[in-house]
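Student: The annotation compositional bias 'Basic and acidic residues' is assigned in Swiss-Prot to 1-10. If you look up Swiss-Prot, you'll see N181 marked as N-linked glycosylation site. Feature annotation from Swiss-Prot assigns phosphoserine to S16, S24; the stated evidence is a large-scale study or a structure entry. For T485, the entry in Swiss-Prot reads phosphothreonine, with the evidence type a large-scale study or a structure entry. Annotation comment: Swiss-Prot describes 1-50, 451-487 as region 'Disordered'. What Swiss-Prot records for 1-62, 118-126, 398-403 is topological domain 'Cytoplasmic', and it gives sequence analysis as the kind of evidence. As annotated by Swiss-Prot, topological domain 'Lumenal' applies to 84-96, 148-313, 357-376, 425-487, with the evidence given as sequence analysis. Annotation comment: Swiss-Prot describes 63-83, 97-117, 127-147, 314-334, 336-356, 377-397, 404-424 as transmembrane segment, evidence class sequence analysis.
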Amino acid sequence: MRRGERRDAGGPRPESPVPAGRASLEEPPDGPSAGQATGPGEGRRSTESEVYDDGTNTFFWRAHTLTVLFILTCTLGYVTLLEETPQDTAYNTKRGIVASILVFLCFGVTQAKDGPFSRPHPAYWRFWLCVSVVYELFLIFILFQTVQDGRQFLKYVDPKLGVPLPERDYGGNCLIYDPDNETDPFHNIWDKLDGFVPAHFLGWYLKTLMIRDWWMCMIISVMFEFLEYSLEHQLPNFSECWWDHWIMDVLVCNGLGIYCGMKTLEWLSLKTYKWQGLWNIPTYKGKMKRIAFQFTPYSWVRFEWKPASSLRRWLAVCGIILVFLLAELNTFYLKFVLWMPPEHYLVLLRLVFFVNVGGVAMREIYDFMDDPKPHKKLGPQAWLVAAITATELLIVVKYDPHTLTLSLPFYISQCWTLGSVLALTWTVWRFFLRDITLRYKETRWQKWQNKDDQGSTVGNGDQHPLGLDEDLLGPGVAEGEGAPTPN
């Protein structure tokens, strides 16, 4: 069965060798064409879980294209014929834009191509794909405005926006134990225990579920702290105490989130994926359990990135890390250049957006890297996430080039130069010099073996070389070879 498909309601097709009750090995519920199904041992990568499904296709899984079209037409007809149009131009503009977006979302949810996930429902992931398109178009619109117009345009979204942010004091007293404060000497620690602590933990837990690799998560976590150190001269909120960077963030929040995420991945890898239709389950307890498991994956794939296996995979993993770090930095820089308070709901909505699209994008990237086909296309969600990250960066560059061009401190630039040189040196050695050296050694070894084989061939010919006697060959071998036997 083709990757990314699931058996339809009819169960196994007559042409398929799949045993009854077995489903495809991937998540979406779209049925394949005849003859495309394969058994659990066929067409499945070693990192993919085995799935058993009774093939039930209920009303819940159908596309409902005509139903959505009918409801949409009735709604537009009601607004057009029965509702009086207000005379407020600004209100009508907002309502027209929102209605246009909703119509596009209705079209996308019913007609867009399914992605790699199907739980809780394929329409859910199609919805976020369409939201990605809308968000990218919104960013493009902001990018083509002047700095002042772009900031003031956000007033149409929230009248409280478009106002310069007040300056805040970051960093400050970094003593873990403050002897001058007799009432509470640990007040600096308690001040840091705000709502961002559980947010950091939850964020890294979800990122671990996206990336599915401990090393990549730790590298991104540590590198972002280095970026905060490096850019605190540009953004004041990057200025934190050393223990806030390495103890609170890396070890406690990020580390604990990554640990819990890896434990969840371990459970998902070992879990048995056996699905039944809700009405095929006899007990109420089983039905409730089936409803709860609807919000878990249909199947599971372990990610084996193997960055050192080839130059292509190494560059791809480096690109993934770069996009992750840029998306993290864009969160802070966009708030700064667009004058958004950290607690504004738009900031939270952006994080919710990336949580929903990030997992699909990572799966599409992994399939793109892992597929042996040379001309496979990158998935649409991964393409949009990369485009959104790049567009956000361009907005930051356009809206506040002065902040971005503030020169790095000398010791910071030296550290990044040294790190870049080491990474480049390792890349050249691992994928060029090392391969050349190995090929040279292999060529020498093959030449030496060929010479040795030629010498053995001459030695086993009709006439033995000088100095070869029967003590080496033995009498039987000597007679068989035509050598003179002793008297």
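Including glycine, each Cβ sits where the backbone N, Cα and C put it.
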Student: Tell me, please, if the transmembrane segment (127-147) and the transmembrane segment (377-397) are in contact, taking contact as 3+ Cβ pairs under 8 Å between residues separated by 6 or more positions?
Tutor: yes
Student: Grab the pLDDT values for the topological domain 'Lumenal' (84-96) and give me their mean, rounded.
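Tutor: PLDDT averaged over the stretch: 89.
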Student: Compile a sequence-ordered list of residues in the same chain as the residue listed as 'N-linked glycosylation site', six or more apart from it, whose Cβ lies below 8 A from its Cβ; state 'none' when nothing qualifies.
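Tutor: Those within reach of the residue listed as 'N-linked glycosylation site', by Cβ under 8 Å and sequence separation of 6 or more, are H187.
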Student: The transmembrane segment (377-397) vs the transmembrane segment (63-83): three or more C-beta pairs under 8 Å (separation of 6 or more)?
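Tutor: Not in contact, no.
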Student: Which numbers of helix, strand and coil residues does DSSP report for the topological domain 'Cytoplasmic' (398-403)?
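Tutor: Computed counts for the topological domain 'Cytoplasmic' (398-403) are 5 helix, 0 strand, 1 coil.
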